[in-house]
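A.B. asks: From TrEMBL, for reference:
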ACT_SITE  Y140  active site, proton donor
ACT_SITE  K211  active site, proton acceptor
BINDING   R193, N448, N492  (S)-malate binding site
BINDING   E283, D284, D307  divalent metal cation binding site
DOMAIN    117-298  domain 'Malic enzyme N-terminal'
DOMAIN    308-561  domain 'Malic enzyme NAD-binding'
Amino acid sequence: MESTLKEISSNGDSVLDMKDKCGVAGGVEDMYGEDRATEDQPITPWTFSVASGYSLLRDPHYNKGLAFTEEERDAHYLRGLLPPTVLSQELQEKRLIHNLRQYQVPLQRYMAMMDLQERNERLFYKLLIDHVEELLPIVYTPTVGEACQKYGSIFRRPQGLFISLKEKGKILEVLKNWPEKSIQVIVVTDGERILGLGDLGCQGMGIPVGKLSLYTALGGVRPSVCLPITIDVGTNNQQLLDNEFYIGLKQKRATGQEYAELLEEFMSAVKQNYGEKVLIQFEDFANHNAFNLLAKYRTTHLVFNDDIQGTASVVLAGLIASLKLLGGTLADHTFLFLGAGEAGTGIAELIALEITKRTSVPLEEARKKIWLVDSKGLVVSSRLESLQHFKKPWAHDHEPVKELIDAVKAIKPTVLIGTSGVGKTFTKEVVETMASLNPKPLIMALSNPTSQAECTAEEAYTWSKGHAIFASGSPFDPFEYEGRTFVSGQANNAYIFPGFGLGIIMSGTIRVHDDMLLAASEALAAQVTEEDYLKGRIYPSFTNIRKISAHIAAEVAAKAYELGLATRLPRPTDLEKYAESCMYTPVYRTYR
């Protein structure tokens, strides 16, 4: 009897032992041993890479939801996996925007958009492009700030690479874990200065993810070549360290040599893995590290700091555009900044460079039109010894002045710019004084998010009795004052960095030069229309942002070719048309 049962199966095992090889459900063979493994026994996570059937529906790069045609459903084993209706991308988009508008809380909209991005990439970008003015404040500032604050609680699946001190010595291996191999743009943060919210550590990942979404939606850079990275060296935010749901390293921030060595390894590994022409955008680093990293790597890598250079470029564009309303040239105006960090000094330097370019006066002379106020008061020459290195060029001869209002009265600026990260600092007295000194004072409250804005659009227009030209970092609703509707401009970096990045990529540029930033500013300023000016706006509408980005990309690329920094040869005849042809479009593809 036993000899009869001892038949040998095709793989050489006895049929008596086959019960151990079967799962409980219908006797399906447990070929990977998952059902036989105990809970604490390791198993191998096998998977298949062919995108068809169930796996196709869960691949965000290729999933089209209910838009798969009857032929595609047959060809790709989707029958029965989807309801029978076929919905076009346009109808899917209409349904989604309707659903998004039902949410009352912006963070809920943010989470719904992130879910969509992880589920259906093309539909996410189609929705964002077609409703850019409505959705930009959701995927970017100000909502992204709240998302970063709560990132540990809403974290679902990784959307980029997390490189921590634990990975020191093997960062190149970590980069190789990312599935896409041809990366052209990296946005990296260490989370120390997220918007105006401070040190959010590892939770700062929301910023690189959001920025790269805009690279694709606004600049047409393909999502597959974009890589968000957070470098986690710890956090000095005690609330996060005490939070059991915090997703980062639970230690105080590494500094000095340990920090420098990790960044050096990271920069070397990026160049080794992705080549000379990968654009590395530094994002939301604290002042001391931001300036040091830019100075250290700008001659050896293709690097760009959005807080220093991107902010400067977009603000300069607004200033150039505003001259049509203010009159005169940049050199005719006097600028006063509240805030002397990376944003303030970066903007100031680019203004001085533009004045120098237009008038041929020495840079040191051009800087004398620009004054800075920091936490200790007006930056003046008597404070030179105690100033950080990046503030020293702005220390002019003047009596010490402690308060902003006194600085306004003493300097008599025509332009007031806020980059302090401190809300409500442009008080009624400050705005009224600006209005008494100038027929049309230009007031730019640039700090993000909205709660950190130096003043609101309503306050600027009301306190100046409708005379102010106002722009901000976060969006404000149109405001009506004495029968006139004012639409304030938003000095949003999203105007600049997507087109700037596209220009660099399409020309194969190997280094970023200041003249390319000036070219981007002038290109953006040229896009402001008469209709915008009539509304009091010094920035163009975001509805045309892809065309604006193509124009900026063309001007940036032209400057790169002029400077001998472009490597993609021969140079295209029509750079703007070439930029448009390079842009990613999120329309569904047909699958054979």
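Cβ atoms are placed via backbone N, Cα and C, with glycine included.
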A.B. asks: Applying a 10 Å Cβ distance cut-off over all chains shown, what neighbour count does K211 (active site, proton acceptor) have?
C.D. replies: 27
A.B. asks: For the domain 'Malic enzyme N-terminal' (117-298), provide the mean pLDDT of the predicted model.
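C.D. replies: Result for the domain 'Malic enzyme N-terminal' (117-298): average pLDDT 94.
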A.B. asks: What is the separation, in Å, between the Cα atoms of E283 (divalent metal cation binding site) and K211 (active site, proton acceptor)?
C.D. replies: 9
A.B. asks: Would you mind reading off the Cα separation of R193 ((S)-malate binding site) from D284 (divalent metal cation binding site), to the nearest angstrom?
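C.D. replies: About 5 Å separate the Cα atoms of these two residues.
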A.B. asks: What whole-number Å value do you get for the CA-CA distance of D307 (divalent metal cation binding site) and N492 ((S)-malate binding site)?
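C.D. replies: Answer for this pair: 11 Å between alpha carbons.
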A.B. asks: Spatially, which candidate from the recorded positions Y140, D284, N448, N492 is nearest to K211 (active site, proton acceptor), comparing Cα atoms?
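C.D. replies: For K211 (active site, proton acceptor), the spatially nearest of the recorded positions is Y140.
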A.B. asks: Would you mind reading off the Cα separation of N448 ((S)-malate binding site) from D284 (divalent metal cation binding site), to the nearest angstrom?
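C.D. replies: Between the alpha carbons of N448 ((S)-malate binding site) and D284 (divalent metal cation binding site) there are 12 Å.
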A.B. asks: Can you tell me the CA-to-CA distance separating the residue listed as 'active site, proton donor' and N492 ((S)-malate binding site), as a whole number of Å?
C.D. replies: 10
A.B. asks: Around the Cβ of Y140 (active site, proton donor), how many other Cβ atoms lie within 10 Å? Please give the count over every shown protein chain.
C.D. replies: 26
A.B. asks: Given a separation of at least six residues and a C-beta threshold under 8 Å, show me what packs close to D284 (divalent metal cation binding site) in the same chain.
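C.D. replies: Set apart from D284 (divalent metal cation binding site) by at least 6 residues yet with Cβ under 8 Å, we have T189, D190, G191, E192, R193, I194, L195, G204, I207, D307.
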A.B. asks: Which residue among the binding-site residues E283, D307 has the fewest other Cβ atoms within 10 Å of its Cβ, if you could check?
C.D. replies: D307
A.B. asks: Which is it, of R193, N448, N492: the one of these binding-site residues whose Cβ has the most other Cβ atoms within 10 Å?
C.D. replies: N492
A.B. asks: Between the two most separated Cα atoms in R193, N448, N492, the residues recorded as binding (S)-malate, what distance in Å do you get?
C.D. replies: 18
A.B. asks: Whose Cβ lies within 8 Å of the mean position of the Cβ atoms of E283, D284, D307, the divalent metal cation site, other than those residues?
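C.D. replies: Filtered neighbour residues, in order: T189, R193, I194, I207, F282, F285, A290, N305, D306.
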